[in-house]
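**Q** The structure follows.
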There are 6 protein chains.
Amino acid sequence: MTTRTDGRDVNQLRDIQIETDYLIHPEGSVLITVGRTKVICNATIEDRVPPFLRGQGKGWITAEYSMLPRATESRTQREASKGKVTGRTMEIQRLIGRALRSVVDLESIGEKTIWIDCDVIQADGGTRTTSITGAFVALSIALGKLYNEKGLPVFPVREYLAATSVGIVENIGVVLDLNYEEDSTASVDMNIVQTSSGEYVELQGTGEESTFSKKQLLELLEFGEIGIQQLMDVQRAALGELATKIGDKGQVTE
Amino acid sequence: MTTRTDGRDVNQLRDIQIETDYLIHPEGSVLITVGRTKVICNATIEDRVPPFLRGQGKGWITAEYSMLPRATESRTQREASKGKVTGRTMEIQRLIGRALRSVVDLESIGEKTIWIDCDVIQADGGTRTTSITGAFVALSIALGKLYNEKGLPVFPVREYLAATSVGIVENIGVVLDLNYEEDSTASVDMNIVQTSSGEYVELQGTGEESTFSKKQLLELLEFGEIGIQQLMDVQRAALGELATKIGDKGQVTE
Amino acid sequence: MTTRTDGRDVNQLRDIQIETDYLIHPEGSVLITVGRTKVICNATIEDRVPPFLRGQGKGWITAEYSMLPRATESRTQREASKGKVTGRTMEIQRLIGRALRSVVDLESIGEKTIWIDCDVIQADGGTRTTSITGAFVALSIALGKLYNEKGLPVFPVREYLAATSVGIVENIGVVLDLNYEEDSTASVDMNIVQTSSGEYVELQGTGEESTFSKKQLLELLEFGEIGIQQLMDVQRAALGELATKIGDKGQVTE
Amino acid sequence: MTTRTDGRDVNQLRDIQIETDYLIHPEGSVLITVGRTKVICNATIEDRVPPFLRGQGKGWITAEYSMLPRATESRTQREASKGKVTGRTMEIQRLIGRALRSVVDLESIGEKTIWIDCDVIQADGGTRTTSITGAFVALSIALGKLYNEKGLPVFPVREYLAATSVGIVENIGVVLDLNYEEDSTASVDMNIVQTSSGEYVELQGTGEESTFSKKQLLELLEFGEIGIQQLMDVQRAALGELATKIGDKGQVTE
Amino acid sequence: MTTRTDGRDVNQLRDIQIETDYLIHPEGSVLITVGRTKVICNATIEDRVPPFLRGQGKGWITAEYSMLPRATESRTQREASKGKVTGRTMEIQRLIGRALRSVVDLESIGEKTIWIDCDVIQADGGTRTTSITGAFVALSIALGKLYNEKGLPVFPVREYLAATSVGIVENIGVVLDLNYEEDSTASVDMNIVQTSSGEYVELQGTGEESTFSKKQLLELLEFGEIGIQQLMDVQRAALGELATKIGDKGQVTE
Amino acid sequence: MTTRTDGRDVNQLRDIQIETDYLIHPEGSVLITVGRTKVICNATIEDRVPPFLRGQGKGWITAEYSMLPRATESRTQREASKGKVTGRTMEIQRLIGRALRSVVDLESIGEKTIWIDCDVIQADGGTRTTSITGAFVALSIALGKLYNEKGLPVFPVREYLAATSVGIVENIGVVLDLNYEEDSTASVDMNIVQTSSGEYVELQGTGEESTFSKKQLLELLEFGEIGIQQLMDVQRAALGELATKIGDKGQVTE
């Protein structure tokens, strides 16, 4: 068996840092670094909801995702210059929004929209899962301010949420937290979004010109759980005092 | 436990019909009906590949998906009138293309693009999985023509591919092949794309404002396999003589 | 004199079928087949009018037209993918809307918009005239429902409306109801929209790199009338009971 | 019978002026004034043809049409600001191009595109027919330069081409050359594009919420011929020496 | 030292004409000619302001700029056809609006928007400064009507405003009012917008692949003042009676 | 006289930091911080030039500018979501490109395009001048690599280039390096781009609803020079060894 190009164990995450209060203007602002992938995650609270929700007394969370042109090895054309958002970007921003909404009590925040902006300034694989993990922290900080200002009865974040990628790489097998080089050559790629109670929120497994068996699926899920637990430890540390307010339903269990 | 609104068993598919040679112009043309969902799937063979593949001697499969404005209960604005394709459409057409590419030997067809057009003329849930199941047949017919005309050494479709949805509906539990009403109220929705050898090509499970456990995941997968097998029986019948040419690696097994 | 490629007499229409209640969701839904040309025509009733009509107590009819990418011999790029509607499409949808408005009593229906969607699933010439002929039936069915539900004092469709094409083909002369092959080689092409009282609603004659005399014009019009009468017979049959409600001002006369 | 609001006879054109060499840069440049309608028509010769004509040794004529925002009574939003061309504009530019192509020997000019730009600086009805009449002169001047420079064997314009509008106005009946006020209230509006030999190139009659009989059609055509003859006299005068080069096939005859 | 290609002195403007009441519909309409550059400047009064100003009782001035495709030596693609406005156009229209707003008492006109449309029908350098100079006259005429109709207490135009270009041309040095040929070869190009009291409103100096010293800057400004004074004389003559209403704060002084 | 809100002297810059090698992928990458304004400036070398320059053996520099949605106090809509770039952005990116081209020997780099991407992650006034100052460093680093790899005979950057803003603030007068609060209330705003030899590259002075005299202009320029000199000291320090390669024509002199 070959070893991973960056020397990691197959079930080892890359180094993770979450820097809070990264920018001064947003209600929640985080710079998350996973290996060489760096994403700025900002949360904005807006005092209204999209038209389809008006009058229901309920909030909404929506996400936008973008990459700086030179986040990547070779320069990628700006979507603003192209005049449209690519399919990949739309898929990612729908995923981020959906995932975050699953752990927030939208009724409790009233008619507000939380905008999540994930801007990848440097990319080395896993930008969408890194965005979710970082966005969870930015969102929690923003909702923490709302909670204090409005004196909400319960903290609106029900439990922790983090995301990682797992995959199957030739000559190595199942690996956790793929970097760009691994991701490019993986036959199977799976993004897992999980809560602190071990429940799945999103599971997106894809065999690009390849397939995977149920046995492989179970191994992939097992590696994912290992990563998710560690990511949540970093989230808790970054949130500081706020960490305990989040309704932790329990440990990651099977 | 409540029963399903249309009286089906929890692990029962809706009625399925696949009409081949539906339109006269396309190289492969199918009208697939799953319950009240109807999709026209056409395959077009084009004698060139996208720029990123030129000169590699390899083919490509790409898909486009659309709904007639009144495929839906209330009229949906045309994407051509809006001047842009929605995120949902992009996500679906990327999924269809990716899924089909996983069972075709792209090297064997040379520098050709197969365009798959899935046009939903009536929608009642499951339009993306129905599109994949129907598109597989249209694609196989088109590649059958190429195989005969060009005298290809092997039939370029390696194995069968079909897709279905499973989900978790309140008061009922896990169900197979959700119609629109069930889909709207399901707490978990999962699309499964599987091959005839039982391997997964895509697994997309989503809890919109909800989550699911590993135990539930395994039940969802089990129901999916039941559906996939039956869908492939209908595909085989529709393909007639061509059915045996597709390299069936084996039965759906765990 | 040469005969037509499909063996028809010069003043003979192709086979026509109009299938009503084609789809389940629209208020009026028709599949019209003229030779090998097939168009799905759906009518939707919306409870408001465009801004320029608000407050006038009057209804509106607007049409959209589209072709499936493989309605045509070779694949046509989707307008949604291009991000804009072509000039040809705009011209056709303006024509359909204008024609239908001429036989409907817009005051009597109140502030409602009837959306007409004509989706060509297979094209072999005459798609715009086939769309008008089919859309008239879909519209009448939708207005029939409104008439019954609202107890309107008079049926809002004043008279029958149908459309056909005539043209001048080299070595043959004036012909009725051109198929795609004839249309491509015709020196003159004319679309005629006429009512059951024999009045013209639209007359669009074009000599692409060619011209036509007044004598030829009169022959073209004569052939058009023959076709229009027969199309209206098929419309009446398709409408069943509703057929007699339409205020037939009289016979096609000169 | 009421008289026309501007005192004209029913079969009387408005005052017409055609000023040639209006701008310095274009190969052909004309300011045409019909009553209060003013259009700048410029012709540009480009040394290549659109992709669909390459390698056929044949030329092409294409037209673009626009109105200054304050050509109209109230300000119209600029199409450049809207980011798209309206259906009306597309219809008009397709009409202008088609009409001009019908009288030009496109083989004789080789692989060149003549761009016709019609910019309405003041509008008072009839802008599309005025554009065609003026554009014919700008085109002839540009082709005159090509004819001289390249020593073409025959002058590429086969015969004269002009356009006018006729219509049916309540309490007056059939009228020639409608101004904006008449056009807004006309029940029938018809644009006629005719050649100097009396042949029709385009005939577009429309009853907006109205219809017309064959008898009325013949009266409309008769009025049109009167106008077309007079417009061609003005064209001949404007073209000066060049006027005799245009292959006048004969007089306007029935 | 070489002389200018058109024989002018280095500090000499080209011939200037301002024709008022050029078009019939706009509230203010001017054709301004500076040498061979011709611009139609129209002013439209609209009874509302953009959203960001609503409820403040204050007016707004906004400008749009466009060139006919053959205003230029070779044909420029229409922005409406491209579906977007270029950066150059946006820069110019922002400049025109900003400049005009600086001399108008926006409070006094109430919640109205004055739309300025500058359409260049022929270009030979200096189109943006010519647009400002002409637009000032069109705007003053439109505001003159408002002043009379509404009986405003003071005329809302505080002082005169005109614009010209100056530049540095190789072998000649500093020149006033560059034509296109000079502009193309100038190493430094500066647009100056100044009021009748000699104050600057805009100063935009650019060295494209070049630079300029403070000494050169002072010479450029001196030439600009000479031109501005003469342009204001032409503006006063064009405005006739209205000329004296404009609150002339004084002479152009240093 | 009032003092500045942040306590600075009128001719004092904010704190400046330039961090080089900020990101790993770009050929030149810088994070520049001026007060609370933070911009990532990346330079990319592409091996081809835009169409209008092909075959001339000469390079090109082009710039793109963007702001993160929450770079600002309240969230700004993403240009990619709007589907178009605003006029303000276009103006700024044209300015950055033009300024940088003025100090680079484009012939010496051959047919290459240097893309400059300026992404503002936090905005507090002066984003365009900060972008130019930072982009100069990123560009120099990228060209340093080219110089070494290709063994260019001379270093292609002729001299230093930096930019700052000056303005006139009520009750204070002329100030250097305006922050957002000052910029919002300034009656005159001027951006100055200057080289190390004291020459001007761009001078853009604007009185929004205000004006300025020549005397004020001279004071503004004097303050600008003070700031530019200090900015160049920070640039030199950031460039390290490379600093001496840049052809410093001399000191900032009048």
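Cβ atoms are placed via backbone N, Cα and C, with glycine included.
Found this in TrEMBL, in case it helps:
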DOMAIN    B:12-142  domain 'Exoribonuclease phosphorolytic'
BINDING   B:Arg88, B:Gly126, B:Thr127, B:Arg128  phosphate binding site
DOMAIN    B:161-225  domain 'Exoribonuclease phosphorolytic'
**Q** Restricting to the record's phosphate-binding residues (B:Arg88, B:Gly126, B:Thr127, B:Arg128), give me the longest CA-CA distance in Å as a whole number.
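**A** With B:Arg88, B:Gly126, B:Thr127, B:Arg128 as the binding residues for phosphate, the largest Cα distance is 13 Å.
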**Q** Same chain only, sequence gap of 6 or more: which residues have a CB within under 8 Å of the CB of B:Gly126 (phosphate binding site)?
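**A** The list for B:Gly126 (phosphate binding site) reads B:Val34, B:Gly35, B:Thr37, B:Thr164, B:Ser165, B:Asp177, B:Leu178, B:Asn179, B:Asp183, given in order along the sequence.
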**Q** Taking the recorded phosphate site as B:Arg88, B:Gly126, B:Thr127, B:Arg128, identify the other residues of that chain whose CB atom sits within 8 Å of the mean position of the site's CB atoms, giving them in sequence order.
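**A** Near the phosphate site, beyond B:Arg88, B:Gly126, B:Thr127, B:Arg128, sit B:Tyr65, B:Ile92, B:Val120, B:Ala123, B:Gly125, B:Thr129, B:Thr130, B:Ser131.
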**Q** For the binding-site residues listed here, B:Arg88, B:Arg128, which shows the highest count of neighbouring CB atoms within 10 A?
**A** B:Arg128
**Q** Would you count the other CB atoms within 10 A of the CB of B:Thr127 (phosphate binding site), including those on all shown protein chains?
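**A** I count 23 other Cβ atoms within 10 Å of it.
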**Q** Restricting attention to the domain 'Exoribonuclease phosphorolytic' (B:12-142), give the mean pLDDT.
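**A** Mean pLDDT across the domain 'Exoribonuclease phosphorolytic' (B:12-142) comes out at 96.
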